[in-house]
Amino acid sequence: MINIGISGINGSMGQIIYKKIVEDDMFNLVMGIDARPELYENKCRVFEKPADSDIYPDLIIDFSHHSCLDELLLFAKEHGISLVLATTGYDAAQIEKIHSYSSDIAILYSANMSFGINLLKTILEKYSRLLDERSYDIEIIEKHHNKKVDAPSGTAYILADAVNSSISTPKNFVNGRQGRTNPRTTNEIGIHAVRGGNIFGEHEVIFAGSSDIIEIKHTALSKDLFADGAIDAAKWLYGKEKGMYCMQDMFEI
């Protein structure tokens with residue numbers, strides 16, 4: 001049985017994960033972390049900050065906020081706790097810090113815990129080169145609910161990076177078109193964000209050629225998709241040696 005904690009336990013994703021974990025015989029939920037520790041009556045102690053906790057789980061699933069990263073990494077390192085980081089919105093310096101801490105603990109990080117998105121990433125890594133060589137323009141459109149604060153999404157950047165890893169000359173990322181008066185160039189990937197309603201998550205990669213258009217799209221129909229992925233990741237990561245892992249390691253795709 002895995003002694004597990006949830007960071008961001010009282011958030012929308014944290015509560016979905018919480019309800020699944022308490023019904024899963026592989027887990028023993030021992031603690032939670034949340035800025036609003038008394039918001040719900042959870043079946044575990046909930047601490048406002050990691051440093052407040054006197055309970056040290058084997059592993060923590062993090063669905064909190066990117067500003068909480070430093071305290072969580074320090075707590076995990078001090079107590080040998082593995083981390084599944086599913087929070088979005090990290091900047092380059094934070095990503096570098098995550099990689100640095102992986103020399104001391106096992107960390108699985110993904111801005112999107114969906115199997116489908118990770119499969120899409122693999123497709124882009126494998127085949128984008130063929131379309132780029134044929135002068136297709138590449139645009140990415142992502143759509144999310146009106147409560148999501150970071151834009152473009154971390155997943156949009158994951159997909160853009162996947163394209164760049166496939167092609168001979170990496171392209172620049174252009175976020176939106178406002179204020180741009182020059183024609184589109186061939187050395188860019190346009191990334192566009194839509195926020196509205198209760199859209200769980202939609203990502204579309206467009207390859208626009210002179211004679212045809214190829215569109216690859218993933219649509220999430222429920223937040224359970226991300227919770228299930230994070231829980232599967234926790235089961236997979238448990239017992240792994242220290243190091244940096246991703247969803248593609250887990251699914252072997």
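Every residue, even glycine, has its Cβ placed from backbone N, Cα and C.
For HIS144, the entry in TrEMBL reads active site, proton donor/acceptor. According to TrEMBL, the active site, proton donor annotation covers LYS148. TrEMBL lists GLY8, ILE9, ASN10, GLY11, SER12, MET13, ALA86, THR87, THR88, SER110, ALA111, ASN112, MET113 with the feature NAD(+) binding site. If you look up TrEMBL, you'll see ARG36 marked as NADP(+) binding site. According to TrEMBL, the (S)-2,3,4,5-tetrahydrodipicolinate binding site annotation covers HIS145, GLY154, THR155. Taken from TrEMBL, the feature domain 'Dihydrodipicolinate reductase N-terminal' applies to 2-113. The domain 'Dihydrodipicolinate reductase C-terminal' feature in TrEMBL is assigned to 116-250.
The two recorded residues, MET113 (NAD(+) binding site) and THR155 ((S)-2,3,4,5-tetrahydrodipicolinate binding site), have Cα atoms 10 Å apart. According to DSSP, SER12 (NAD(+) binding site) sits within a helical segment. Put simply, ARG36 is the one of the recorded positions ARG36, LYS148, GLY154 whose Cα lies nearest to the Cα of ASN10 (NAD(+) binding site).
DSSP assigns THR155 ((S)-2,3,4,5-tetrahydrodipicolinate binding site) to a helix. Rounded to a whole value, the Cα-Cα separation of THR155 ((S)-2,3,4,5-tetrahydrodipicolinate binding site) and SER12 (NAD(+) binding site) is 19 Å.
The binding-site residues examined here are GLY8, GLY154; by Cβ neighbour count within 10 Å, the least packed of them is GLY154. Here the Cβ of ALA86 (NAD(+) binding site) has 27 other Cβ atoms within 10 Å, regardless of which shown protein chain they belong to. Working note on the binding-site residues SER12, THR155: by count of other C-beta atoms within 10 Å of each C-beta, THR155 ranks first. Highest Cβ count within 10 Å among the recorded positions HIS144, HIS145: HIS144.
Per Cα geometry, ARG36 is the residue among the recorded positions ARG36, HIS144, HIS145 nearest to GLY8 (NAD(+) binding site).
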